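For reference, Swiss-Prot has these:
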DOMAIN    2-40  domain 'Beta/gamma crystallin 'Greek key' 1'
DOMAIN    89-129  domain 'Beta/gamma crystallin 'Greek key' 3'
DOMAIN    130-172  domain 'Beta/gamma crystallin 'Greek key' 4'
REGION    84-88  region 'Connecting peptide'
Amino acid sequence: MGKITFFEDRGFQGRCYECSSDCPNLQTYFSRCNSVRVDSGCWMLYERPNYQGHQYFLRRGDYPDYQQWMGFSDSIRSCRLIPQHSGTYRMRIYERDDFRGQMSEITDDCLSLQDRFHLSEIHSLNVMEGCWVLYEMPSYRGRQYLLRPGEYRRYLDWGAANAKVGSFRRVMDFY
């Protein structure tokens, strides 16, 4: 079970809302979000309702302003609690759509896709075990995308506008 608290103002000030499960529309609870406290669990925050728009991965900790979670603005409109996973993590990445081209099987975090695999794009992937977060840039920076177990035949399937991937990591309650 997870627990996250959203605050309208920076520094954990202003009106707040506590949440312990997925919420497709947070607009009724607050108009803006400038700070967040994650008491337990790992969460994905979304800038628009129904889990749309920019995504932000947060784990246990305090985030006194939206820049701490690499936010582009104070707009958080939905959130999803990421299920805990205690087993192994496995994902296959492909250089082309529909699981074609060079394939690599992944079981751990990758700080730089370019350095490790000599790739800058992933066009399709298959998450076999665990949840992962893809980052647009190396060193876990840039736009973020939550990947749950399943097949992603093209980058549009995970919500990206292009195939550019710089890094990725397993969703774990500790780093």
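Quick reminder: no glycine exception, Cβ is built from N, Cα and C everywhere.
Since we're looking at a predicted model, the values are computed, not measured.
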Tally the residues of the domain 'Beta/gamma crystallin 'Greek key' 3' (89-129) by DSSP class, grouping H, G and I as helix, E and B as strand, and everything else as coil.
8 helix, 22 strand, 11 coil
Over the span of the domain 'Beta/gamma crystallin 'Greek key' 1' (2-40), count residues by DSSP class, listing helix, strand and coil in order.
3 helix, 21 strand, 15 coil
Which residue counts does DSSP give the domain 'Beta/gamma crystallin 'Greek key' 4' (130-172) for helix, strand and coil?
4 helix, 21 strand, 18 coil
When secondary structure is assigned with DSSP, how many helix, strand and coil residues does the region 'Connecting peptide' (84-88) contain?
0 helix, 0 strand, 5 coil
